[in-house]
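Report on the following structure.
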Amino acid sequence: MTTTLSLEDVSAQVHAWVDAAATRPVPGPAKMLSDLLQDPQGLDFTLGFVDRVVRPEDPHAAAVELRRLAQDPPAFLPRALRRVVALGGMTSRVAPSLVVPTAQAAMRRMVSHLILDARSAPLTASISRLTADGTTLNINLLGEAVLGAQEASRRLQGVREIVARDDVDYASIKVSSIVDHLPLWAAAQTVDHIVETLLPLYLDSARSDRPTFLNMDMEEYQDLELTLQVFEKLLDRPELEQLHAGIVLQAYLPDAPSAMARVRRFAERRVAAGGAPVKVRLVKGANLAMEQVEASVHGWTQAPLMSKEETDAQYKRILLDALHPEQLEAVHMGVAGHNLFDVAFAHLLMGERGISAGEGSGVEFEMLAGMAPGQQAVVREATGTMRLYVPVVHPRHFDVAVSYLVRRLEENASSENFLSAAFELETAPDLFEREEQRFARALDRALRESSVPTHRDQDRSTESRGGMIPLGSPALPAVPGAFRNTPDTDLSTPANQAWAEQVTHRIRGSVLGEEEIRAARVDSVEGVDELITAALDAQPGWAGLGVEKRALVLRRVAGTLAAHRAEILEVMASETGKTLEQGDPEVSEAIDFALYYAEQAERLASLDEVSFTPRALTLVTPPWNFPVAIPTGGALAALVTGSSVIMKPAPQARRCGAYIGGLLRQAGVPEGVFTLVDVPENEVGRALISDPRVDQLILTGASDTAALFASWRPELRILAETSGKNSIIVTPHADLDLAARDVAASAFGHAGQKCSAASLVITVGSVSHSRRFSAQLADAVLSLHVGEPTDPTVQMGPVIEQPGEKLTAGLTELGDGESWLARPHQLDEEGRVYSPGVRTGVAEGSAFHLTEYFGPVLGMMHAGSLEEAIRIQNGTDFGLTAGLHSLDPEEIACWTEGAEAGNLYVNRGITGAIVQRQPFGGWKRSAIGQTAKAGGPNYLVHLMDASDPEAEAVDRTAGADATQEWLAAARHSDREHWSSTFAPRDVQDLQGEVNVLRHLPLPVLVRAAADATAAELTRVLHAAATVGAEVEVSLADAELMEAATASGFEAGDVQIEDAEEFSSRVPQVEQARIRLIGTADDALRHAIADRIEVALFTGAVVRSGRVEQLAFLHEQAISATDHRYGNPLPHPMDLTGGKGWLRGTA
């Protein structure tokens, strides 16, 4: 892999080409666009115009952005576009239907040289014009996002029509554009399906008198292995052995050299057997921004190389290896790119090695249509070839070209890219030298260094060795004091694809957990008593270990869970019908709970102004829909605080709970400290729940269940995450394709059986009448492959059991004015497998608006405005998750100020909360008791009893010096924690996604019981005042009035009432929380039991603002997609302050 070419040789050739190209006229649109992008504001302006003026269907939505752009246009703006922008700024508000189409047409004209009109007559004219000088074309048909089978079929038919044209001899196609779903959990079946789908197209070409060359393209790294397998399997067919076809390889992937070698081996065998050679179109890669976002969000290593110089070096390295006469006999090369130094290098290298230029050489030079046409012409004349990559699109669907345009515009504007200097190389010697030196450095690396191995080498099959994965390994990147989320399974690797296939084969007939759950069966009240006694006996020793040793056990649990990922997936799929695709993130979540709670326990123990005492016994009653993550999280949270835990898994998920319990014991949780129990749901189960020795109950389930348990034992401390009636608002400013994708995924993941699932979509304004949105949503939903998880291609599994009365009604009965966009159907004899349903016309206040059905059915509602949509979204008893799809920053700000839910999601799906990143828990009836978000920094606080080491210094008058010092320390602590601990901030700083946990004040009723002190009341009211909470004060003792008035309350606003009077008033209180100072009597606890949505905070009063302020705050996690096609939004969302994100704006 050597050459005698010098830098001077290459530079001289480039100089000659640049000088020759400078004499060629530059088409007007290309020159205007290039000049615009040289302006410092040009790129942001152009991207904003393309994405938010050209793309929207609704002229009113486009007009809003047009007015925004008109306020600050670039200094250089082509005259025609400047007039349109100025006119739009003035008149778009009153005449959007007239102004916006004019503006859209002006921008389309400016980029018309980059994308051609796909209609037959205009395309004929364009092809004739572009090929008149001998240039050849590579046609790529663009279309709407492929969300379902209908659009995939439409796209494939469009490609077949392109290929059938007499004036088209070369076309590109991506597998992701002609197949609606690429389930990598079923890689082998997916490859077969794609081959079957593409075969007619390839046969059409092979049987034609004038075969069209078919080039298999790819964009995403995850498609690399898939595309290689499809390419080889197709061209291995005897009827295609003489077909000339090719594949794209991206040089920015470390995998490219090995992929090139693989294609060469395949091609050499093919040619040796009498078949036609194949072609590799070598590009540098144009999906870097999205690859970086994907890697950041999933916790994977970035797939592409880390620097542009590395990519440039690898590109040259592959050319050095491929451009040999003997190599070209089997593998022809397309040298694709605009960097004239690379083109000159390849051209001169061919001459050095005796490879003739021009047609028949086995080498084609390729560029993008419309980019530096003068340089394209001189290269064609010098090399004898020039093939232009030409995207085509129907004008009606021009918006689908946005992602392509974004990449092209960035290439023109980014100083890292050669094209940014393309028009100035002749007149700007400094730019020529910049590109010359970049080339020289890259060539030096290519000649000195070898290719690097793939960045993505995760192999789940090797992780189970030894039964425990160590911290700090790629599978468990977190280390003590530096929590990091556990990466999900990377299905782009062949090793993991094979591992997934093995897991699938084990699902049917799995018996994991059966032995353990049989051993855990208790059928008598006496058995429950013995079990509780044993747990209490074990607890002191466990608590006595101290936080550090308990945290160490949790970290061992994390390693054990990670090592048994395959078995956990197997038992979930076998028992609950959860697909591997849905189950894999759940395993990661369980691991994350172990690592995160270990770290949080250590942090809380380090606080010096508060002490925490474990509660002796915690009962955990998890649900069946998340049969691993939720029971693991609840149990480990209680365990790390020093509590003993009894876990009763849901009847439908007994084996899952039992298997997890076995792993906890295997990792070192002592017998008795953790106890698995399976009890019948009769008096035995009631005895377990209502035993007075149980200190607290962690429940995930229906709010009715929480109410039932509270009625059995009113004094039981219940911490519950319950139901949700969740919705996504879609406004005219949304990317409708992405919105449809996210709505479908949020509604039907795990058959709609997630408490966070979207059961409503609220369309705003014109979206309600958008054929595109409804068609894309229907296509996505109707194309879902439904069945049992033993079929790895299944996207939506069964419901957990035969639907009850409520879900049956949701699947079969329409309300007034409703109709089916997609009618659900029962698909099996047992009655568990249903196709997904979508009903339209759901009215505000109707049964479907207000009822959680917990199954595969989605309702569509209409709102005239965003404000109305927010009212509808908030108009249920629940507040768990909520979503918004809009690219308008003002709409996002309005919604985040008004949405009443614990987890908010912007321009993404609303399920799949991740530990620390999006701690999970709701508002209103979605959260019950003195609890906090699971997977968040406050969850453990509410599982322990807090006390103040200096509490004995506080007297009843709040007048002693020690008391004043204590209060001063409390005030300082409040201010410190409010400005730091509770300040909103991005918790993980991911690329392309913003995740903020904010703490918002809420109305609280402060009740000072008869044994409360003035100092305690003063301290509590200061905590409330610091966070800005609205407080009502109730006193059992009139002597505390002075403390209340000193805290800023008017005497007339403070209620004096005894315990009986206060308890009788609780059923009517408007506040969702009561902060009780002093002792809670039985009457109060019974009153609270009847109002489960009212949380009673009863902890001791402490100095620590970290603890005391929690009673006056709800947590709200906000997760927002912060990119377009991988590029940061032009209007960054300020999640730490500014309009829409200020604390105190609930």
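Cβ coordinates are placed from backbone N, Cα and C, and glycine is handled just like the others.
Note: TrEMBL annotation is automatic and uncurated.
Residues or ranges marked as domain 'Proline dehydrogenase' in TrEMBL: 125-420.
Break the compositional bias 'Basic and acidic residues' (448-463) down by DSSP state and the numbers are 4 helix, 0 strand, 12 coil. The compositional bias 'Basic and acidic residues' annotation in TrEMBL covers 448-463.
Marked as region 'Disordered' by TrEMBL: 448-471.
Here TrEMBL flags 515-938 as domain 'Aldehyde dehydrogenase'.
The number of other Cβ atoms within 10 Å of the Cβ belonging to Glu721 (active site), over all protein chains shown, comes to 26. Residues or ranges marked as active site by TrEMBL: Glu721 (among others).
Marked as active site by TrEMBL: Cys755 (among others). Its Cβ placed at the centre, Cys755 (active site) has 25 other Cβ atoms within 10 Å. For the recorded site, Cys755 (active site), the DSSP three-state label reads coil.
The CA atom of Glu721 (active site) is located 9 Å away from the CA atom of Cys755 (active site).
Looking just at the domain 'Proline dehydrogenase' (125-420), the mean pLDDT is 94. According to DSSP, Glu721 (active site) sits within a strand segment.
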